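A quick write-up on the structure given underneath.
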Amino acid sequence: MEMYYMLVFGALVAVVVALEMSKTKKDRISTSPAFSSFKNNYLFVYSLMMAGDWLQGPYVYYLYSTYGFGKGEIGQLFIAGFGSSMLFGTIVGSLADKQGRKRACITYCITYILSCITKHSPQYKVLMLGRVLGGIATSLLFSAFESWLVAEHNKRGFDQQWLSVTFSQAIFLGNGLVAIASGLVGNLLVDFLSLGPVAPFDAAACFLTIGMATILSSWTENYGDPSESKDLLTQFRAAAVAIASDEKIALLGAIQSLFEGSMYTFVFLWTPALSPNDEEIPHGFIFATFMLASMLGSSIASRLLARGSTRVESYMQIVFVISSASLLLPIATNVQSHPLSAPSPFLVAPSTVKGGSISFAGCLQLLGFCTFEACVGIFWPSIMKMRSQYIPEEARSTIMNFFRIPLNIFVCVVLYNVNAFPITVMFGMCSIFLFMASVLQRRLMAIADKTRTREQDPEGDPLTA
C-alpha cells in the first residue's frame, strides 16, 4: 500500500483525536443521567442497525458477480432496490406515524434479515425479491428510527437542544466507527476466514437480530397521529398539504434531496475517478479513510450544535459551498474515463499510463473527496436537527419518506445512464446541485428569521407595517 494513503489516513486520525480531546465545556452540552441512559440505549440500537447495513454494502456487487451476473443485470437489481424504496418504502415508512414507530423499527429488522437470507440463492428472481425488501428496509432505516427518537425525546421532557447531542454521536458512531469496523469484519470473514461473499450478510442478520431484541425489550411505542379515522391516502394528502403550505418544509426537502442525490452519485463515481486508467487502488482502505473523514465532520458538527450562538441554517450554507467546490476537482484535474471527455487540462494534466499506482491528479482528488465526506459528516446531524425543528410530529415519518421520492428517482436515472455521460459531466452536475442546496439553505434561513421575528413581535412594528 502506498505511503500516501497511510499519510492521509494518519492525518485524519490525528485531527479527529485532537478535536475530541480538545473539547471544552463550551463545546459540550450538560445533560442529565436519565437522558444519558436514554441516549446510550438509542446509540446502541442505532449502531447495530447501521452495522447491519454497512456490512452488506461492500459485498453486494461482488456477490452478484460471483453468481455469474453481468453489469446490466446487476444494474437492474440496484435500480429495483431504489425503486422499491421510492414506492413500497414510502408506503411502509409512512405507516409508522399511524401504526407506531417502534413497530416500524422492528419491521426494518425483519425485512432486512429476510433480504440477507435471499443472498444465499443464486436465482435472479430471489435476489430481485431481496433487493425489493432491502429498498423497503432502507426507507425505514432513514425515517422510523429518527421519528421514534424525536417523539420519545419530547415525550420524556428532555431539553430540545439535547437532541443535537444524540444526532451528532449517532453519526460519529454509526457512520464512522461502525462503518470502519464493519469493513474490517467483512474483510475478515471473506478474505481471512474464506467464508465466502455471503458471510457478511449472515453477520448483518445477526447484528439486526440483537438490535431487534433490544428494541422489543427496552423501547416504548410512540405515534405521529394514531387516529383511526385517517387512512393511508389521507395521511399522504395531509403530508403533501404540509409540504405545500409551509415553504420551510418544502425547502428542507429540496435541500435534502439535492445533497443526498449528489452523495449517492458520488458513491458510484469515486472509484472510476481515482482509477481512470485502471490504477491499482486499495478500495477498502480508501472507504475507511472516507468514513474517518465523515467522523471528522460529525465531530465538527457536535461543536457547532453545542454553541447556541451558531445557527444550523447559517453554517450549512458554507458547508454546501465547500462540498460543491470539492466535487469540482475531478473536472479541474480533467478525469478522462469516457471517450466523450474533451481534453482540457485546467489544473493538472490527466495520466495516460495504464495500470500502476494512483496518479498525482488522483492524489488531489482523494483530498477533495475526503473534504466532501467531512461535509457529509456535518450534514447528517445538522439536517436531523433542522427536521426536528420544522417537520410536524403528527406526520414526521410520512414527510421524511416523501423527501426520499425525488432522491430515489434521481439515483435510478443516474444508475440507468451512468455510462451515457462523461464522468466530468456527472461531477459537474453534482457540484451544481450542491450549490443550489446552498442557495435554498440561504432562503430557508431568511424565512426562518422572518417567522422568528413575527413570533417575538406578533403585533408588528407600526412604522414598518
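Note: Cβ is positioned from N, Cα and C throughout, glycine not excepted.
Straight from TrEMBL, the features:
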TRANSMEM  6-22  transmembrane segment
TRANSMEM  43-62  transmembrane segment
TRANSMEM  74-96  transmembrane segment
TRANSMEM  128-150  transmembrane segment
TRANSMEM  170-189  transmembrane segment
TRANSMEM  201-219  transmembrane segment
TRANSMEM  285-306  transmembrane segment
TRANSMEM  318-337  transmembrane segment
TRANSMEM  357-380  transmembrane segment
TRANSMEM  401-417  transmembrane segment
TRANSMEM  423-440  transmembrane segment
Spatial neighbours of the transmembrane segment (401-417) far in sequence, C-beta under 8 Å, 6+ residues away: 75, 78-79, 82-83, 85-86, 89-90, 93-94, 139, 142-143, 239-240, 243, 252-253, 256-257, 260-261, 264-265, 268, 426
Other parts of the chain folded back onto the transmembrane segment (318-337), taken as Cβ under 8 Å at six or more residues beyond its ends: 259, 262, 266, 269, 272-273, 276, 343-350, 361, 364-365, 367-369, 371-372, 375-376, 378-379, 382, 422-424, 427-428, 430-432, 434-435, 437-438, 441
Recorded stretches the transmembrane segment (285-306) and the transmembrane segment (74-96) touching, at least 3 CB pairs under 8 Å: no
For the transmembrane segment (74-96), distant same-chain residues with Cβ under 8 A (at least six beyond the ends): 60-61, 64-65, 103-104, 107, 127-128, 131-140, 143-144, 147, 224, 232, 235-236, 239, 397-398, 400-402, 404-405, 408-409, 411-412, 415-416, 418
Positions on the same chain near the transmembrane segment (423-440), where near means CB under 8 A and six or more residues out: 251, 254-255, 258-259, 261-262, 265-266, 269, 272-273, 276, 317-318, 320-321, 323-325, 327-328, 330-331, 334-335, 337-338, 341, 414
Range from 43-62, 128-150, 170-189, 201-219, 357-380 with most C-beta pairs under 8 A to the transmembrane segment (6-22): 357-380
Proximity of the transmembrane segment (43-62) to the transmembrane segment (201-219), 3+ C-beta pairs under 8 angstroms: yes
